[in-house]
Amino acid sequence: MMMNRDILFHQQQQQQMEENMSNLTSASGDQASVSSGNRTETSGSNINQHHQEQCFVPQSSLKRKRNQPGNPDPEAEVMALSPKTLMATNRFICEVCNKGFQRDQNLQLHKRGHNLPWKLKQRSNKDVVRKKVYVCPEPGCVHHHPSRALGDLTGIKKHFFRKHGEKKWKCEKCSKKYAVQSDWKAHAKTCGTKEYKCDCGTLFSRRDSFITHRAFCDALAEESARAMPNPIMIQASNSPHHHHHQTQQNIGFSSSSQNIISNSNLHGPMKQEESQHHYQNIPPWLISSNPNPNGNNGNLFPPVASSVNTGRSSFPHPSPAMSATALLQKAAQMGSTKSTTPEEEERSSRSSYNNLITTTMAAMMTSPPEPGFGFQDYYMMNHQHHGGGEAFNGGFVPGEEKNDVVDDGGGETRDFLGLRSLMSHNEILSFANNLGNCLNTSATEQQQQQHSHQD
C-alpha cells in the first residue's frame with residue numbers, strides 16, 4: 001500500500017512539473033507576442049501623439065486674454081441700487097447706542113451685547129437661492145449694462161466710490177487721494193518704503209509719477225540727440241566741397257555788405273527815401289574811387305573763409321575785431337613813419353588813412369562781444385531806434401537769428417574818446433566827416449612843411 005502511494009505521488013509530481021513547463025513556454029510565447037504587439041501599438045500611438053502635439057502647438061502658443069470684470073450668470077437676478085443706497089454707510093441703526101451697520105446681520109449680532117432679542121435669517125431647504133448681480137447706477141459706465149454687472153455688493157460699492165465718488169482719503173506722505181478707505185490703508189503701508197530713481201537723479205516715491213517723469217526724460221534726450229551734431233559727421237564734412245561752399249557763402253555775405261554801403265538800394269523791405277537819406281550822408285573819402293583800399297577783394301568785411309583752419313572744424317570762429325583804441329594806436333604808428341619822397345609819402349599817407357578809416361568804421365559796426373553780430377544787426381537796431389517800422393528780412397545770412405541785445409560794456413572798446421558804447425547812424429557819419437577833414441588837413445600841413453624844408 002505504501003509503495004503504491006509513493007508511486008502515485010511521484011507520478012503526480014512529474015505531471016505537475018510537465019504542466020508547469022508547458023505553461024511557462026506558452027506564457028513566454030504569448031508574452032512575446034503581446035510585447036511585440038504592445039511595441040507596435042506604442043510606436044503607433046507615439047507617432048499619432050507627436051502628430052497631434054504638432055497640430056496643437058499654434059493653439060497653445062496663443063496668449064489667453066484676461067476676462068474683463070463683469071461676466072455674470074445669465075440666470076442671476078439683476079439688482080439696480082441707487083447711488084444713495086450704495087454710498088450709505090449706516091443703513092441699519094442700533095436703537096440703544098445709535099451705532100450704524102451696513103448689514104442687518106451685523107446689527108442683529110450687535111443686539112446681543114445689549115441683551116435685546118435678535119434673530120438671524122434662516123434659510124430653509126425648500127427656498128431656491130437665486131444669485132444676485134449689481135449694476136452701476138451711472139448711465140455712462142461700462143458696468144451699467146446687465147451683461148457687465150458685478151456679482152458682489154461690496155464690489156459694486158467700491159467700484160462706485162473709486163470711479164464716480166469723492167476721494168476723501170489722502171496720504172500724508174505723497175498727497176495721493178483715495179475714495180476707498182481700504183485702498184488708502186494698503187497704500188499707507190508701502191508709501192515711502194520704496195524709491196524710484198531716474199537717471200537724471202530725481203527720486204520718486206510713487207511709481208506712476210516715476211513713469212511719467214521717465215517718459216518725459218526719454219523724449220527730452222531724443223530731442224537733444226537730434227539737435228546736437230554728430231562729431232563724426234562734422235569731421236567727415238571737412239571736405240573741399242564743403243569749404244568751397246562755405247567760401248561762396250562768405251563771398252556772398254561780403255558782397256552784400258559792400259553793396260549795402262556803396263549802393264542806395266538795400267536788400268530788404270526798407271523805403272527808398274530812407275535808404276537814400278542814410279547814404280547821402282556818407283563822406284566821399286569813405287566811398288573812394290579805389291574800391292579796394294585794404295586789399296580784401298572789394299569787400300568791406302574780410303572773408304571769413306580765408307581764416308578757416310581745415311584741420312579743426314567746419315565751423316569757422318571769427319577772429320575778434322580790433323578795438324577803436326587799438327586802431328588809433330596803429331594810426332599813430334603809421335603817421336610816425338616817413339617815406340623817402342614826398343609823392344610816395346603823400347600817396348602812402350592817404351592810402352593808410354583811408355585804410356584806417358575804412359577799417360575803423362567796419363570795426364565800429366562789426367565788433368560786438370558775440371560772433372555773428374554784424375552791420376545788419378547794428379543797422380537794424382539803429383533803424384528801430386529812429387522809428388523805422390521795417391527791418392531786414394533775411395537779406396544777409398538766412399536762418400540766423402538777430403541779436404537785439406546791446407552789451408553793457410562787457411566787451412572791447414567800441415567808441416572813440418570816451419563816447420557811449422553805441423552811437424546812432426548820423427553821429428557815426430558826422431564823426432567820420434570830422435575825422436576825415438582832420439586827417440586831410442594834417443596831411444596837407446605835413447606836405448607844406450616838407451616842401452618848405454626842401455626849399
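Residue positions begin at 1 at the first shown residue.
Any Cβ shown, glycine's included, is placed from N, Cα and C.
The structure displayed is predicted, hence computed values, not measured ones.
As annotated by Swiss-Prot, region 'Disordered' applies to 1-52, 235-351. Look at Swiss-Prot and you will find SER82 tagged as phosphoserine. Annotation comment: Swiss-Prot describes 92-114, 134-164, 169-192, 196-219 as zinc finger. The feature motif 'Nuclear localization signal' is assigned by Swiss-Prot to 156-163, with sequence analysis given as support. If you look up Swiss-Prot, you'll see CYS171, CYS174, HIS187, CYS191 marked as Zn(2+) 1 binding site. Here Swiss-Prot flags 206-218 as region 'SHR-binding', drawing on similarity to another entry. The compositional bias 'Low complexity' feature in Swiss-Prot is assigned to 248-265, 288-299.
Distance from the CA of SER82 (phosphoserine) to the CA of CYS191 (Zn(2+) 1 binding site) is 34 Å. A straight line from the CA of CYS171 (Zn(2+) 1 binding site) to the CA of SER82 (phosphoserine) spans 29 Å. Apart from CYS171, CYS174, HIS187, CYS191, the residues listed for Zn(2+) 1, the same chain places the Cβ atoms of GLU172, LYS173, SER175, LYS176, TRP184, ALA188, THR190, GLY192, SER205, ARG206 within 8 Å of the centroid of those Cβ atoms. Taken residue by residue with DSSP, CYS171 (Zn(2+) 1 binding site) is part of neither helix nor strand, so it is coil. Under DSSP, the residues of the zinc finger (92-114) split into helix, strand and coil as follows: 11 helix, 4 strand, 8 coil. Separating the Cα atoms of CYS174 (Zn(2+) 1 binding site) and the residue listed as 'phosphoserine' is a whole-number distance of 33 Å. When the region 'SHR-binding' (206-218) is classified with DSSP, helix, strand and coil residues number 12 helix, 0 strand, 1 coil. Sequence-distant neighbours of HIS187 (Zn(2+) 1 binding site) (same chain, 6+ residues apart, CB-CB distance under 8 A): CYS171, LYS176, TYR178. Per-residue pLDDT, averaged along the region 'SHR-binding' (206-218), amounts to 84 for this model.
Listed in sequence order, the residues of the same chain lying 6 or more apart from SER82 (phosphoserine) and placing their CB within less than 8 Å of its CB are PRO137.
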